[in-house]
Amino acid sequence: MSVIKMTDLDLAGKRVLIRADLNVPVKEGKVTSDARIRASLPTIEAALKQGAKVMVTSHLGRPTEGEYNEEFSLLPVVNYLKEKLGAENVSLAKDYLDGVELAAGKLVVLENVRFNKGEKKDDETLSKKYAALCDIFVMDAFGTAHRAQASTHGVGKFAPVACAGPLLSAELEALGKALKSPARPMVAVVGGSKVSTKFDVLNSLVKIADTVIVGGGIANTFVAIENNVGKSLYEPDFVDAAKKLRDEYGIPVPVDSRVGTEFSETAPSTVKKVSEVQDNEEIMDFGDETALAMANLLKDAKTILWNGPVGVFEFPNFRKGTEIVANAIADSDAFSIAGGGDTLAAIDLFGIEDKISYISTGGGAFLEFVEGKVLPAVAMLEERAKQ
C-alpha cells in the first residue's frame with residue numbers, strides 16, 4: 001500500500017491539519033476514558049516538535065449536524081491536552097472555516113467537525129474550506145477511515161499535500177501483517193452477539209485463517225445447529241448459514257457452556273454440556289472444557305486476530321471463558337491483533353494490554369478492513385500519493 005507518510009515530510013513552519021479520532025466518552029465535562037487521545041498524542045507531539053503550526057480536529061458523539069451543542073464540544077479534550085502539553089500551548093477554535101490564528105509549536109483544536117453542515121455528506125465546499133486551512137493534511141483517524149466524510153476524505157482531495165499519520169500507518173501495517181501474509185497457523189477469534197453483523201467478517205476469515213473460533217451469541221447460533229439453546233441469544237435465520245460454515249471450514253462448536261436462568265449480573269452460573277441446556281436456561285459463556293480446548297488452539301498459533309468476547313464477561317459469573325481465551329492470546333508467542341470496543345474493554349479488565357502485539361483503535365473500520373472492503377480515506381491517500 002503506497003501512501004505518503006507524515007514521518008517522511010518536513011513539517012517545520014507548515015500549517016498542519018491532523019484529523020484524529022478524539023471521540024472519547026465525556027461525563028460532566030471530564031474525559032472518562034483517554035485511550036484514543038493517548039493514541040493520538042505522539043502524532044500531535046511529533047508535529048509540534050518539528051515546529052509546525054498544528055491544528056487537530058475530530059468528531060465527538062452524534063450532535064445534530066450544523067448546530068453547535070455544548071454537550072458535544074471538544075472542550076474536555078482541550079482541557080486534557082492542556083494538562084499534557086501545557087495550557088499556554090493549546091487553544092480551542094470554534095469558528096475556523098474562514099481561517100484561524102496559528103503559531104509554530106502551538107496547537108489549535110478545531111471544534112467538533114459535526115457542527116459543520118455537510119460534514120457527513122463529504123460536501124465539496126466544506127472539504128475545500130478545511131483544505132484551505134492547511135499546507136499538509138494528516139489523516140490519522142483509523143476509526144473513521146471507513147467513512148467518506150469531509151474531514152476524513154474530502155479535505156484530502158483538495159489539500160496541497162495529504163498523508164497518513166503514524167497511528168493510521170501503524171494500523172494499516174499491523175492489519176496487513178495479520179491478513180495479507182500471516183505467519184501460520186493463523187487463528188481468528190470472533191465473538192459478539194449476532195452472526196448477522198459479523199457474517200461478512202466470518203466469511204472473509206474462514207478463507208484466510210487456519211482456524212476460526214466463534215464465541216458469544218454467534219457461537220449459540222452454531223450450537224443451535226444440533227441442540228436446544230433454550231432462551232439463549234441466537235439467530236434462527238442464520239442456523240443454515242452457520243451449518244454450511246461449520247461443515248465446510250471445520251469451525252469448532254462449543255461442547256459445554258455456562259448457563260443461567262436470567263440475564264443478570266447476580267444470576268448464578270452452571271456449567272453443562274450443550275446437549276443438556278433446558279428451555280428456561282440461556283448460554284452466556286464457554287464451559288471449561290470448551291474454553292480450554294480453544295486456548296489449546298491458540299497456544300500454537302503464529303498469528304491471532306481477535307474481535308469480540310466469547311461470553312458475557314461483564315457479569316462475574318460468566319467471565320471465565322473470555323478470561324481463559326484472553327490469557328491464552330496474551331501468553332501466546334503469536335503476532336496478535338485485537339479490535340472492537342468490547343474486546344478492548346475485556347483487555348482492560350484482564351490487564352493484558354502489554355501482551356497484545358497490536359490493539360486497533362477502529363471498530364467499524366477494523367471490521368470493514370477484515371472484510372476486505374476499501375476504506376475511502378485510505379483509497380484517497382493512495383490516490384494522492386500517485387499525483
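Cβ coordinates come from backbone N, Cα and C, glycine included.
Record check: Swiss-Prot places Glu314, Gly340, Gly341, Asp342, Thr343 at the ATP site, and the matching candidate among Lys180, Lys198, Lys207 is Lys198. The record from Swiss-Prot ties Asp21, Leu22, Asn23, His59, Leu60, Gly61, Arg62, Arg114, Arg147 to substrate, and of the options Arg36, Arg38 it ties Arg36 to that site too.
The binding-site residues shown are Glu314, Gly341, Asp342; of these, the one with its CA atom nearest the CA of Gly61 (substrate binding site) is Gly341. Contacts of Asn23 (substrate binding site) defined by a Cβ separation under 8 A and a same-chain sequence distance of 6+ are given as Arg36, Ser58, His59, Leu60, Gly61, Gly143, in order along the sequence. DSSP assigns Gly341 (ATP binding site) to a helix.
Between the CA atoms of Gly341 (ATP binding site) and Asp21 (substrate binding site) there is a gap of 14 Å. Fewest other C-beta atoms within 10 Å: among the binding-site residues Gly61, Gly340, Gly341, that description fits Gly341. Straight-line distance linking the Cα atoms of Lys198 (ATP binding site) and Asp21 (substrate binding site), rounded to a whole number, equals 24 Å.
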